[in-house]
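Shown next, in structure tokens, is the structure this report addresses.
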Amino acid sequence: WDHVCFGARVWVREKEQLLPATVNSCGDGTLVVTTDYGEVFYLQQAEVTRERVYAMHQSSIDGVEDMSALAELHEAAIMHNLYQRYQKDNIYTNIGSILAAVNPYKQIPGLYDLDRVDLYSKHHLGELPPHIFAVANECYRCLWKRHDSQCVLISGESGAGKTESTKLLLQFLSVMSQNSIAAPQSERTTHVEQAIVQSSPIMEAFGNAKTVYNNNSSRFGKFIQLHFSECGNIQGGCVIDCILTVCGGTTVF
């Protein structure tokens, strides 16, 4: 009882689930807490144990850009952190070297414009807020830093946004490819980049199905292979259907 007080952020265990909540009152032998989902619990003093109600760590209260920094490593803390960031239109969150993306189902102004591409192309992974361009830039730079092929795996359920993420990666790599060519802007050839970017809608037209979450869900995975020259521009590529799935595809670069 002494570990909770009015206004405190806490976790409440209900039916084997941990729910983020706020203490509304703690007098008269009754603890009243309201979850972030609108549920109100009235708990008698005997029910308030450290297994049923306990204080939320500051890292969960504030939210973190990289969830490996969360002090509370359980599913509820992870989902709560993603939800808090989502409410602020921060749809990207790192988990170490993994990027978690939550589909906003709306346009977020300026999130993918050329200025953002330019910004992330000049910084290492972790120096700027989480973004798919940060992953794309790290992959592009590591081609020469490690002198080895790089791979990006994009996975998620139907409607999660895998196809859009693929297009964004291709967009970033296309810009980097064009910028690497030592020629005036007007003389740069973009035929290869354009062909790869524009091939996505064609590939989406085959083998797709309607699901509850997505009207155009891929029933196969795609392996996209890009070939870069030593100066950093895309010289060619191919797209291969490779993984049959039930309700969502996987894209591998």
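Using N, Cα and C of the backbone, Cβ positions are placed for all residues, glycine too.
According to TrEMBL, the ATP binding site annotation covers Gly156, Glu157, Ser158, Gly159, Ala160, Gly161, Lys162, Thr163. All protein chains shown were included, and the count of other CB atoms within 10 Å of the CB of Ser158 (ATP binding site) stands at 21.
On the 0 to 100 pLDDT scale, the domain 'Myosin motor' (62-253) averages 80 in the predicted structure. Under the heading domain 'Myosin motor', TrEMBL lists 62-253.
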